[in-house]
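*Asks:* The structure is given below, and queries will be raised subsequently.
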Amino acid sequence: MGDMGDPPKKKRLISLCVGCGNQIHDQYILRVSPDLEWHAACLKCAECNQYLDESCTCFVRDGKTYCKRDYIRLYGIKCAKCNIGFSKNDFVMRARSKVYHIECFRCVACSRQLIPGDEFALREDGLFCRADHDVVERATMGAGDPLSPLHPARPLQMAAEPISARQPALRPHVHKQPEKTTRVRTVLNEKQLHTLRTCYNANPRPDALMKEQLVEMTGLSPRVIRVWFQNKRCKDKKRSILMKQLQQQQPNDKTNIQGMTGTPMVATSPERHDGGLQANQVEVQSYQPPWKVLSDFALQSDIDQPAFQQLVNFSEGGPGSNSTGSEVASMSSQLPDTPNSMVASPIEA
């Protein structure tokens with residue numbers, strides 16, 4: 001046995017012609033509802049032998065096929081008086097189960113045409129207006145007391161408005177069913193849905209060859225596949241129309257919360273905030289007096305002390321600078337002779 005999850009493969013049945021009973025090997029097969037198959041040369045009217053194809057209407061009754069003209073002539077509804085059929089543009093009058101032309105809807109006794117609102121009686125021998133119906137009823141009951149109440153054997157009816165002969169109520173019911181059948185809902189599994197959706201994404205309107213391949217792949221009937229694609233296209237169309245309407249309403253959409261009206265906004269990615277201050281960059285430099293620079297240089301270099309002292313005095317010289325030079329001289333006298341005499345001391349934390 002195969003895998004229970006796989007759909008059963010559809011067996012290709014042999015097509016037999018209903019007309020001649022032989023197998024059909026032709027390229028094209030004529031199918032008549034519900035499941036009758038014919039050769040193109042065997043499907044013809046049983047009365048006039050006219051060939052029937054997809055360009056004309058075919059009727060089946062008691063195993064025989066008829067063209068539209070002969071079927072209406074043989075089995076169509078006819079006027080109860082003139083026994084002539086109705087055209088699609090005719091208006092008719094109804095009396096119980098019988099149908100009449102408007103011109104034929106007359107009293108058989110006085111030939112008066114009955115119009116909507118007139119009372120009439122339908123008897124075995126035809127239509128009677130109320131006056132003639134009373135006369136016939138009295139004559140049938142015999143000569144009795146004229147003051148005795150009249151008990152009509154058949155109740156009177158009132159003529160209604162004429163109706164069109166094209167209404168479905170006047171059409172012959174060939175395949176009449178006593179009760180309305182309930183259509184079984186088809187449930188698709190995940191594999192079938194995946195196959196159908198993949199094909200739909202590639203082509204929402206597959207041709208006949210693609211549909212036949214889907215029938216073989218999914219195990220579904222052609223009708224189920226056709227209806228699924230129709231429903232899918234309808235849903236997508238409704239969804240696209242709804243999205244367009246939402247996009248058109250979005251610019252004019254307003255949000256009102258507790259009396260405050262605002263426009264909806266969409267949050268974007270965060271950006272760096274510069275503060276918005278317009279200022280020029282200022283470069284800060286440290287300043288040291290000249291004697292400080294020279295003192296540091298003397299500590300790190302082995303130079304002649306008198307020449308260095310003269311250089312310090314020269315850099316600090318000038319009018320009003322005697323006090324500064326004496327301070328530098330006294331400070332330099334306290335410095336060690338050479339950098340080699342410096343003793344390293346530990347750095348306190």
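Including glycine, each Cβ sits where the backbone N, Cα and C put it.
These came from Swiss-Prot, pasted as-is:
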| type | residues | note |
| --- | --- | --- |
| DOMAIN | 17-70 | domain 'LIM zinc-binding 1' |
| DOMAIN | 79-133 | domain 'LIM zinc-binding 2' |
| DNA_BIND | 181-240 | DNA-binding region |
| REGION | 312-349 | region 'Disordered' |
| COMPBIAS | 321-343 | compositional bias 'Polar residues' |
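Thinking about packing and proximity, how do these listed features fit into the structure?
*Replies:* Model confidence over the domain 'LIM zinc-binding 2' (79-133) stands at 86, taken as the mean pLDDT rounded to a whole number.
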*Asks:* Please list, for the DNA-binding region (181-240), how many residues fall into helix, strand and coil according to DSSP.
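*Replies:* Once the DSSP states are binned, the DNA-binding region (181-240) shows 43 helix, 0 strand, 17 coil.
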